[in-house]
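Pulled from TrEMBL, these are the features on record:
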- LYS16: active site, charge relay system (ACT_SITE)
- THR62, ASN263: O2 binding site (BINDING)
- THR62, ASP63, PHE164, ARG181, VAL236, GLN237, ASN263: urate binding site (BINDING)
- THR62, ASP63, PHE164, ARG181, VAL236, GLN237, ASN263: 5-hydroxyisourate binding site (BINDING)
- THR62: active site, charge relay system (ACT_SITE)
- HIS265: active site, charge relay system (ACT_SITE)
Amino acid sequence: MANEIEGLSFEQKHGKSRVRVGKIWRKEDGSHFFVEWNVNISLLSDCLPAYVRDDNSDIVATDTMKNTVYAKAKECSEVLSVEEFAIELGKHFTTLYPQVTTAIINIVEKPWERVSVGGQPHQHGFKLGSEKHTAEAIVKKSGAVRLTSGVEGLAVLKTTQSGFEGFVRDKYTALPETRERMLATEVSASWKYVFESLPNIPVKSPYFTEKYLDVKKVMLETFFGPPKEGVYSASVQSTLYQMARAVLSRFPDVASIQLRMPNLHFLPVNLPNKDSPTIVKFNDDVFTPTDEPHGTIEASLSRSWSRM
């Protein structure tokens, strides 16, 4: 938060980062549910004397924040989503401490997935998946809230139905135009919900877990298209926009979405020989995978009223 000190503007916040916690819920039927969270906390608080007068009486120790994560996880008797846990932490810090005006809680959920053995879901066995579920809750003492969910590391690839033509060409351009190439990317997306106060947050569990799965499903369906014929991508930019538009069209409780989609290149390997001296681009079956350097495409799409 901002303060005036001797004619200067001073802003500060403090917190605890990378607090790792695992939580097991044991059901009456013998099945277990497991999550692993990496929690980051930032508090905006009225603790100026600690900076300018060596007075720590208003400081919430970062070690206390770490211990709070474990204590609040212990209190959770029912399975809850990463979004719900972020909100619980934000409410705790802004309610318990008078000097804390805002709590910013960022959590990354590690993708532990239940395994199946012999076609049956295992009651207590899990394997590590790929993409990560993220959440950010910004909770103010007034009860105002801004809640964001997201996914990181969603790697997708299609071997056809992609091209890139008509782009700017100059003396530095070597890239050929094509209507036939592979398209691979690693999607990072975050979407902000319309809820603006704690009383408006849905309390029906597993609301946010289902929403996360549904948003991810819509993005994948848009990227790939129908199972047999697929859908043509004129550029990563075009596909990104269609994915963002599909999410806002399907989910009225999402106010905005931001996507970042770097190119993961698969460069055709074409070795000319005496029988075939011509190198054919983009239509062979052997490739060199590379992601350095890579193009980075990112954009956000918001409902008009959410930008006001």
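Just so you know, glycine gets a Cβ as well, placed from its N, Cα and C.
Please treat TrEMBL annotations as automatic predictions, because they have not gone through curation.
Structure coloured by features recorded in TrEMBL.
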residue: LYS16; record: active site, charge relay system; Cβ neighbours (10 Å): 20
residue: THR62; record: O2 binding site; Cβ neighbours (10 Å): 15
residue: ASP63; record: urate binding site; Cβ neighbours (10 Å): 9
residue: PHE164; record: urate binding site; Cβ neighbours (10 Å): 20
residue: ARG181; record: urate binding site; Cβ neighbours (10 Å): 21
residue: VAL236; record: urate binding site; Cβ neighbours (10 Å): 20
residue: GLN237; record: urate binding site; Cβ neighbours (10 Å): 15
residue: ASN263; record: O2 binding site; Cβ neighbours (10 Å): 18
residue: HIS265; record: active site, charge relay system; Cβ neighbours (10 Å): 17
Inter-residue C-alpha distance, LYS16 (active site, charge relay system) and PHE164 (urate binding site) (nearest angstrom): 45
Distance check against VAL236 (urate binding site) for the recorded positions THR62, ASN263, HIS265, keeping those with Cα within 10 Å: ASN263
Nearest-integer angstrom distance between the alpha carbons (Cα) of GLN237 (urate binding site) and THR62 (O2 binding site): 42
Whole-number Å value of the largest CA-CA distance among THR62, ASP63, PHE164, ARG181, VAL236, GLN237, ASN263, listed as 5-hydroxyisourate-binding: 52
